[in-house]
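Q: Okay, here's the structure, questions in a sec.
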Amino acid sequence: MVKGLKKTVALVGMMGAGKTAVGKAIALSLDVPFLDSDAEIERAADRSIAEIFERDGERFFRSKESQVITRLLEDEQCILSTGGGAFMTAENRDFIAAKGVAVWLKADLDILWQRVRHKSTRPLLQTDNPFETLKELVEVREPIYAKAGIVVDAEPALSIEQMAQKVIAALVAHGGIVKDET
Ligand SMILES: Nc1ncnc2c1ncn2[C@@H]1O[C@H](COP(=O)(O)OP(=O)(O)OP(=O)(O)O)[C@@H](O)[C@H]1O
Ligand SMILES: O=C(O)C1=C[C@@H](O)[C@@H](O)[C@H](O)C1
Ligand SMILES: [Mg+2]
């Protein structure tokens, strides 16, 4: 049985990659806490991400995001799902590497688009051509996500639970992250 964590696992990757959905399933399976930086920011501000972007702007959101990630990485080991843009900031990447390990859930543009196209909760995609915006974000961000210590490919055929088990297998293969690897 694989249970417990020696260090916090920060899931990084694009909107729709499954950081939140798969992160919850990983935490349940490992019997560790699950935290989501987007949800923590919304809770602290008592407003949705869309409202925060609209009223206070992206800069304000990014500064809250860094604060929340710093705080959560100081707490008990957990599965930490980050927002899609969090890993773009060097300070966030350095802090994640110092306190835990980053896992990039790597999903291709088609999968991402299928998952985000009907949702209006992602302010960065409120453009005239959201598919093109998503494509541009993927192109700019992929080389930076690639700095994560572990990369797990999201195959379209895999369910949330199957993806969770694939990530856990990658954590075990890496060594030094999960507690009981027997
Ligand atoms: N492996 C999967 N199989 C089927 N559906 C999935 C899978 N992974 C995620 N989904 C679905 O895709 C949608 C987006 O996933 P999720 O919210 O977890 O993405 P995210 O990476 O947290 O995005 P964001 O950066 O915007 O928070 C959700 O509806 C989720 O249920
Ligand atoms: O990719 C991004 O920059 C974002 C992703 C979401 O998780 C939220 O953090 C927000 O919508 C910004
Ligand atoms: Mg999420």
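A Cβ is built for glycine as well, from the same backbone N, Cα and C atoms used for every other residue.
Curation does not apply to TrEMBL; its annotations are automatic.
Feature table excerpt (TrEMBL):
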type	residues	note
BINDING	G16, A17, G18, K19, T20, A21, R122	ATP binding site
BINDING	T20	Mg(2+) binding site
BINDING	D38, R62, G84, R141	substrate binding site
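Describe each of these features in terms of where it is and what it packs against.
A: According to its DSSP assignment, A17 (ATP binding site) is coil. Every protein chain shown contributes to the tally, and the Cβ of A17 (ATP binding site) ends up with 26 other Cβ atoms within 10 Å.
Counting Cβ atoms from all protein chains shown, T20 (ATP binding site) has 18 others lying within 10 Å of its own Cβ.
In this view, G84 (substrate binding site) is surrounded by 21 other Cβ atoms within 10 Å of its Cβ, with every protein chain counted.
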Q: Given A17, D38, R141 as the binding-site residues, which ones have a Cβ positioned under 6 Å from some atom of ligand 2?
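A: Within range of ligand 2: D38.
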Q: Compare the C-alpha of K19 (ATP binding site) with the C-alpha of each of the binding-site residues D38, R62, G84, R141, and give the closest one.
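A: Nearest candidate: G84.
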Q: For each of the binding-site residues (K19, R62, R122, R141), count the other CB atoms lying within 10 A of its CB, then report the residue with the highest count.
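A: Neighbour-count leader: K19.
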